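Participant: Encoded as structure tokens, here's the structure I'll be asking about.
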Amino acid sequence: MEDKILTIPAVALRGMTILPGMVAHFDISRDKSLRAVEEAMKGDQKLFIVTQKDTEKEDPQGEDLYEVGLLAVVRQVVKLQKNIMRVLIEGIGRAEIYEYTQTADYMQVRVIVYDQEDDEQLPEQAKSAMLLSVQETFAKYARVHGKIGQDVMRQVQEETDLLKLLDYVGNSLVISYKKKQKLLEAVTLTARYEAVLSSLLQETEILALKRDFQKKVQEHVDKNQKDYLLREQMQVIREELGESNTETDAQEYEKKLQELQASGEVKARIHKEIERFQGISGNSSESTVSRGYIETLLELPWDAVSEDNKDLKHAQKILDEDHYGLEKVKERILEFLAVRNLTGKGESPIICLVGPPGTGKTSIARSIARALDKKYVRISLGGVRDEAEIRGHRRTYVGAMPGRIVNGLRMAGVKNPLMLLDEIDKMSSDYKGDTASAMLEVLDSEQNHKFRDHYVELPVDLSEVLFIASANSMQDIPGPLLDRMEIIEVSSYTENEKFHIAKDHLLAKQFEKNGVADGKLKITDKALRMVISSYTREAGVRSLERQIGEICRKAARRIYEGDEKMIRVTGTNLEDFLGKLKYRPEKKNKKNEVGIVRGLAWTSVGGVTLEIEVNLMPGKGSVVLTGKLGDVMKESAQTGISYIRSISEDYHIDPEFFQKHDIHIHVPEGAVPKDGPSAGITMATAILSAVTGKPVRADVAMTGEITLRGRVLPIGGLKEKLLAAKNAGMKTVCIPKENEQDLAEISEEIVGDMEIIPVEHMDQVIKAAFV
């Protein structure tokens, strides 16, 4: 071993670390390992043994291996099978990987061999003290362990070489390969001594604690057995006295079990639980738990199914009766039902209705259930953060119950209901588990035919359940969950759609609810349109229904007090019922102005217009942004300024203009937070207008993200934005060219007489906007 650096073949072991001085055998089957051993046998039989950090790696590379390993000599090789070889080696020293020289066939490394001798030159007295300390500590460890052989004990007590003793003791310790690796990595004599002694002390303490715990557990078990025998004797006494009340209940459960449609496995489990229930005292808490479990299993629809209505014309009729508009949504749902009817149970994708609040997602699901003659179950997931809410609680817990999914089946009474997973984007996670991950098994058709609820403890078939989810935003749904669903967007209603929804559905509902039906109350079309435009501002119709309800309540009071027998609400007297107008319709500017441009924005309750104002003042080139703008919007403003500066020569702008003037950009309604990149072209246009002094057309609105080179990038929420532009009276709207394809899905009612200009570059925006 006079050479300090060796180039030798190497073998990577999984879950095993060997120390010098040990003779050990192991089996290998990987091609590179087999070739490495064969290569070693051709030479001086020396082999470098190194341990993998991750036992799962099939083809470990340099970063997957520990740096310090064992220099060994191969003593024997036995071929067990075609690709399996048993190798017997003897460890002769420590070595550290210096360089990988891996060949195509096997792993080859250059290693630095550590000297086995004491390089610290410690005094003999110190070594003797170390030797004695290790021997005494190992004796304590052996006593606590109880399974260390006498030959091992003898070898430890008789060994006089401290270096050999440390490696022998390290090999004898029953510890994980990672802990042994730390012993292998200890190079100096002092480091090896401290590592071995520390491991001995730790393992001795752990084994002592384990022995104490086992003793306490055994005593507890013995006490429980004694208590069980006493309870059995008490049960016999109660039966003799006629106090048992579980027999009658058990007979009733057995009768229900005979009538239950379920598999043999389920029936056997219920029967076993009934037998157990019979042997429990009727007054014990255990009896209550067992009773609840049996009743849950008996009430679950294991094989009970309802017949579906597969008539698509019937489904179309129901959807049209219940919902006005939403043509694209209805068309997609009918396609979905057609595919489901053709492919059979559980094969169609799970649909997720995504849209703002109040747009009819829940009622659409209810209508689908009515159209298919399915049982309807709604499960609210908003705020659910405990995995047990989905999978159920284990029966060992006090007050345990099934999860919401199984409980929904129990309420439906059949195994193929329509189950609405409402507000699926509002689930959250905490230390109690990840609810979104629990939902993956529920919605995965490959897994949900054997869904296991922690409470039920039997496989429950969810493959025939028609799952429909609803959400307000796709951004809050975890990716793996979103991947299992097909998205159908339920967008905002137009004013005309709201008018027809109110006229065809909401008025009759509120009239009946508030006792003003039969001609007692009349709301004119003009009044109804005023309620929509001046008292509500939302994507759906919930607020509209509340306003109609308020009119009905005030009318009901007048009628009841005898002031009037029939009330007519018109545009003239509407304020008597609802008060002053809450919202003024957004209107375009009265004249073309410099530095003021109308942008379009999307919010969770629909689209709105944003008036962006830019003022210039003598200064030092600073930029002021006000209006409670978010970081993305601020960056869009900076991008717009950079673009305008880059084209300043085209508009004859003095190069030093931006150093001598401050720019103030303001977006009114300063208390409302605003963010997003879609106002980029709007701010750039307003800045250019203010700098050049050229006015911008008052009837032009725009939306789009801007780049430093003036390109216009696509945006989202186009329908809502165009609807806001129409309501504000805009004549021309600039949209990104890449959003042009979205126009096909937007009704003519929204686009109307507006001129829609698809733009790819700011040059087109400037041309359309400037007077």
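Glycine is no exception: its Cβ is also placed from the backbone N, Cα and C atoms.
In case it's useful when we look at the structure, here is the feature table from TrEMBL:
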- S678: active site (ACT_SITE)
- K721: active site (ACT_SITE)
- G355, P356, P357, G358, T359, G360, K361, T362: ATP binding site (BINDING)
- 8-204: domain 'Lon N-terminal' (DOMAIN)
- 591-771: domain 'Lon proteolytic' (DOMAIN)
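Map the listed features onto the structure and describe their local environment.
Facilitator: The Cβ of S678 (active site) has G599, L600, A601, W602, T703, G704, E705, I715, G716 as same-chain neighbours under 8 Å, each 6 or more residues away in sequence. The secondary structure of S678 (active site), as reduced to three states from DSSP, is coil rather than helix or strand.
Sequence-distant contacts (6 or more apart, same chain, Cβ under 8 Å) of K721 (active site) comprise L600, A601, W602, G607, T703, I715.
When secondary structure is read from DSSP and collapsed to three states, G360 (ATP binding site) falls in the coil class. In the shown protein chains, 25 other C-beta atoms lie within 10 A of the C-beta of G360 (ATP binding site).
The average pLDDT the prediction assigns to the domain 'Lon N-terminal' (8-204) is 87.
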Participant: G355, G358: which of these binding-site residues has the sparsest Cβ neighbourhood within 10 Å?
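Facilitator: Selected from the binding-site residues G355, G358 on minimum Cβ neighbours within 10 Å: G358.
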Participant: Give me the sequence-ordered set of same-chain residues, not including G355, P356, P357, G358, T359, G360, K361, T362, with a C-beta within 8 angstroms of the centroid of the ATP site's C-beta atoms.
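Facilitator: Here the non-site neighbours turn out to be L353, S470, N472, V490, A539, G540.
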Participant: List every residue in the same chain as T359 (ATP binding site), at least 6 positions away in sequence, whose Cβ is under 8 Å from its Cβ.
Facilitator: V490, S491, S492, Y493, A539, G540, V541
Participant: Among the binding-site residues P356, P357, K361, which residue has its Cβ surrounded by the fewest other Cβ atoms within 10 Å?
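Facilitator: Output over binding-site residues P356, P357, K361: least Cβ neighbours within 10 Å is P357.
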Participant: Enumerate same-chain residues with a sequence separation of six or more from T362 (ATP binding site) and a Cβ-Cβ distance below 8 A; give 'none' if the list is empty.
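Facilitator: Non-local contacts for T362 (ATP binding site): R378, L420, D422, S470.
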